[in-house]
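According to Swiss-Prot, the feature active site, proton donor maps to His264. Taken from Swiss-Prot, the feature Zn(2+) binding site covers His78, His237, Asp241.
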Amino acid sequence: MMKQRTIAAPVKTVGIGLHSGRKVTIVIKPAPINSGVQFVRIDTPEQSVVPATALAVCDTRLASVIQKDGVRVSTVEHLLSACAGLGLDNLLIELDGEEVPIMDGSAASFLFLIESAGIAEQEAPRQFVVIKKAVEVREGDKLARLEPFFGFKLDFTIDFKHPAVDKTGQRFIVDFAEHAYRSEIGRARTFGFAHEVEALREMGLARGGSLDNAIVLDEHRILNNEELRYEDEFVRHKILDAIGDLYLIGHPIVGAYIAEKSGHALNNALLRKLLDDPSTYEISSFAENKAPAAYSQENQPLFF
């Protein structure tokens, strides 16, 4: 039977919040079986615990924000994406501020931290959300869909009318039975447009944004001196975000995700629609030799 997994030892780092611009210390700790991923705001009087669940999402305008009893944790998607990519089920994540640090704008720093601490199997069967019937949400020309598939595959299309983006691929498909999260998705950075960044700063947001943690574009070109990490890094980052958003379902998904111009709001609406209809999914466990290849030890190895 495939087993649940957690981090083998605590690991700590410090970074800057993308929107707050404030320094945040984060500690990722092992957690018991069946506890899921939980954030702990150690800067609050009651050391408030905020579970990372789809129904806890309270804001999706600029990032995925979760809350419980008025205590918020924002910009959780990159860290959760790394957790999904490494196959972690249970974690306690302490932070002394509201916002998960942006690091370099990708999941790479979180991957490195977790791998340096190691991953430990736990004595409980790993549970999966197996998609049984297609579920779809639309908003204008935007689409997000989950459908049955014995594995985990994502097909994402973006549509940015910009010369620099047009030169790269605007669609990417990744099947994790054939490709590794770490190499194909994990290093893709967030991106934004210079005029939008200035507007956000006037609103008191994006205070921590810089060329060190995002790809920034003006009207014609990329402003960063560093080359793109992937030739189609823009759409790959949207997949990185989607993996983090989908992990708020609480378990790895066995199914295919298709998106056109989707974002945090539509991804969360998709999960809520799925949860509203129990006939669309089931919770299952797998023997190691019967599990989808996307979740095999080859694709999600242990690091001791």
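Here the Cβ of each residue, glycine as well, is placed from N, Cα and C on the backbone.
Feature map: Swiss-Prot annotations on the structure.
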residue: His78; record: Zn(2+) binding site; Cβ contacts under 8 Å, 6 or more apart: Val100, Ile102, Met103, Gly105, Ser106, Ala107, Phe110, Thr190, Leu240, Asp241, Gly244
residue: His237; record: Zn(2+) binding site; Cβ contacts under 8 Å, 6 or more apart: Ser106, Ala188, Arg189, Thr190, Phe191
residue: His264; record: active site, proton donor; Cβ contacts under 8 Å, 6 or more apart: Thr60, Arg61, Ala63, Ser64, Glu77, Asp241, Asp245
Neighbours of His78, His237, Asp241 excl. site residues, C-beta within 8 Å of centre, Zn(2+): Glu77, Ser81, Gly105, Ser106, Ala107, Ala188, Arg189, Thr190, Lys238, Ile239, Leu240, Gly244
Cβ atoms near Asp241 (Zn(2+) binding site) (within 10 Å, other residues, all chains): 25
